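Engineer: Here you go, one structure.
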Amino acid sequence: MENTESKQKKLTSSWIACCTKGFPVSAYKSPPSSESEYDDKKKYHDGDSPESKTARRKPGGWKAISFVLGNETFERLASIGLLANFMVFLLTQFHMDQVMASNVLSIWSGVTNFAPLVGAYLSDSYLGRFKTIAYASFGSLMGMLTLTLVAWIPRLHPPPCKPQGHDCKGPTTSQLAVLAMGLGFLSIGGGGIRPCSLPFGVDQFDSSTEEGRKGINSFFNWYYTTFTVVLIIALTVVVYIQDSVSWVLGFGIPTMLMLCSIVLFFIGTRLYVHVKPEGSIFSGIAQSLVAAYKKRKLKLSNETEVDGVFYDPPLKGDTVVKKLSLTNKFRFLNKAAIIMEGELQADGSNSKPWRLCSIQQIEEVKCLLKTIPVWASGIICFTAMAQQGTFTVSQASKMDRHLGPHFQIPVGSLAVISMVTIGLWLPLYDRVIVPPLRKVTKIEGGITLLQRMGIGIAFSILSMVAAGLVEIKRRASALEHAGPDGIAPISVMWLAPQLILMGFAEAFNIIGQIEFYNKEFPENMSSVANSLFSCTAAGASYLSALLVNVVHKVTKGKNGQPDWLTKDINAGKVENFYFLIAGLGVLNFVYFVIVSRRYQYKTRIWIDEEEKSGFDVELNVVKQ
């Protein structure tokens, strides 16, 4: 006979399954039997005594965060300040044409955005976050020092152009090799710092206490506040020094700041909470795929019974993780959790992790697989955004940038327009637009995350159309009235519409993506969620490089006529390139609508007794 408590739990599980349409909740596990048991699981690692755990948590907190934030602020100011104006550096100091400079930036950006995957794996599996950040910081310092030397030592960059701008010698193979080495060190640094800095800050608080949870929320606020301030300083002060004072000083200042960042980081060593690596989620993903392949010939029963059929051990760890229920999505993966003879030890533990995986593991893989179509839709949207750092810079360099008789706006500072747009729009959206929308749609965010991402894609298309129209006007003005330098007598503020529209695209799509990935993955997959976002940017960088090279080759005239992206922007047709990206954006938007209408948000079973709801269900409102 089942007791009343057991029956109630089964009834609750069945009710959730009925409400979630296609997401049967057969793997529901009861919460700990007592409050004291729950507290022990939440606060302490398996095998750790309360005393040792308390000792581990005693340091950290805001005393450590001051050093973490200081390190992060200096590091971001250094890296962003170094690279915010890098397109101009390649065009003016290395004498590259638009296509080559764009390729260098796109390829380097792609490598740098894929690197956090490697950094997250090394951190979770071997080094831990502290050591990963430490090693990566030295990598960034080496990269910055190399680029500073490139700008300083004449032999490491091409000689200046002769008067009148003729006979400009390009970089030699050895000069390109030194440049690539510097950018490679920066990629190593970014690969270690980006996936670890935010989680390392969170590690300094005890999330099992109310004070710790408040500290984490406050840390996020300070983290993004300092990031915004750093961006503004980098895109204004540092860029101005590079453009108007000296490239050596403009690169040297970020290098010194990076050195200060490392010193500050190590000063706080004794205060930090050092969480040991406990294994990477990537290993679990690989094990699930391998186990499913090895058991591919097994047949799945239509019954939803879990006990004794599927491997479903209790969750481990010192954080409260949401238990994922067994679903029929990507059902072939369920075979990896079928228990076969000899796969369990006497104590019930797994003896063959590459042949048997838990329900939690395979559901985590499903979370990844079902988000891939949505992830792919962000690549073309990011490709449009990437043009802010390439051809928008080329446009600005051939426009009137004067503010008054003596001051010129640095071309690398124009990205501030997008930032200001985001900074002004987000509070307005959150405080003024969302509340009435929430009343109408009954959705906490006013609209769904997928709808928010779709709006961002639409804005990116509009931005490319606006960029093309402005370029037509700019080029016509340059051809009719430009002087010997080729600068059109038209204000650079004509670029503001496309940058404002791109700011809206970022505010909707990028923030929507970040929230989407973090909500669709369980807590222990946060590194994967953040890596997916970086991979979107990496894919966009490679797609941008591919488009640039194909357009450069295909549009070149047979009789020596310049292609769309020729070195002399006034002789090319960059507007056609913008319209091409806009056209791809329209196709991408149609694809996104189809994917989003078929997407179902995940259903999670909460094992945290402090959650009053008992479970969290979010369904696609388009389907209802």
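Every residue, even glycine, has its Cβ placed from backbone N, Cα and C.
A TrEMBL annotation is a machine prediction, not a hand-curated record.
Copying in the features that TrEMBL gives for the protein in this structure:
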type	residues	note
COMPBIAS	39-54	compositional bias 'Basic and acidic residues'
REGION	23-58	region 'Disordered'
TRANSMEM	77-94	transmembrane segment
TRANSMEM	100-122	transmembrane segment
TRANSMEM	134-153	transmembrane segment
TRANSMEM	173-193	transmembrane segment
TRANSMEM	222-241	transmembrane segment
TRANSMEM	247-267	transmembrane segment
TRANSMEM	367-387	transmembrane segment
TRANSMEM	407-428	transmembrane segment
TRANSMEM	449-470	transmembrane segment
TRANSMEM	490-511	transmembrane segment
TRANSMEM	532-552	transmembrane segment
TRANSMEM	577-595	transmembrane segment
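Quick one: where do these features end up spatially?
Structural biologist: Packing against the transmembrane segment (100-122) from elsewhere in the chain are residues 86-87, 90-91, 94, 132, 136, 179, 183-184, 186-188, 190-196, 280, 282, 386, 389-391, 527-528, 530-531, 534-535, 537-539, 541-542, 544-545, 548-549, 565: each is 6 or more residues past its ends and has a CB under 8 Å from a CB in it.
Same-chain residues lying 6 or more positions outside the transmembrane segment (134-153) and placing a CB less than 8 Å from one of its CB atoms are 71, 75, 78-79, 82, 89, 93, 119, 127, 175, 178-179, 181-193, 196, 247-248, 250-252, 254-255, 258-259, 261-262, 265-266.
Here the transmembrane segment (222-241) has Cβ contacts under 8 Å with residues 65, 69, 72-73, 76-77, 80-82, 84-85, 198, 201, 249-250, 253-254, 410, 412-413, 415-416, 419, 423 of the same chain, all six or more residues outside its ends.
Panel annotation: around the transmembrane segment (407-428), residues 84-85, 87-88, 228, 231-232, 235-236, 239-240, 242-244, 388-389, 392-393, 396-397, 401, 492, 495-496, 499-500, 502-504, 506-507, 511 of the same chain, lying at least six beyond its termini, place a Cβ under 8 Å from a Cβ of the stretch.
If one looks beyond the transmembrane segment (490-511) by at least 6 residues along the same chain, the residues whose Cβ comes under 8 Å of a Cβ in the stretch are 378, 381, 384-385, 388, 392, 395-396, 399-401, 409, 411, 414-415, 417-422, 425-426, 429, 452-453, 455-457, 459-460, 462-464, 466-467, 470, 473-474, 477-478.
The list of residues near the transmembrane segment (532-552) in space but at least 6 beyond its ends in sequence, with Cβ under 8 angstroms from a Cβ of it, reads 99, 102-103, 105-107, 109-114, 116-117, 194, 371, 375-376, 378-383, 385-387, 390, 513-514, 517, 563-565, 577, 580-581.
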Engineer: Output the single range from 77-94, 247-267, 577-595 maximising the number of Cβ pairs under 8 Å to the transmembrane segment (367-387).
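Structural biologist: Most contacts with the transmembrane segment (367-387): 577-595.
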Engineer: Apart from its near flanks, which chain residues at least 6 from the ends of the transmembrane segment (77-94) lie with a Cβ under 8 angstroms of it?
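Structural biologist: Hits for the transmembrane segment (77-94): 100-102, 104-105, 140, 144, 147, 151, 157-158, 170-171, 175, 179, 186, 189-190, 230-231, 233-235, 238-239, 242-243, 247, 250-251, 253-255, 257-258, 261, 389-390, 393-394, 397, 410-412, 415.
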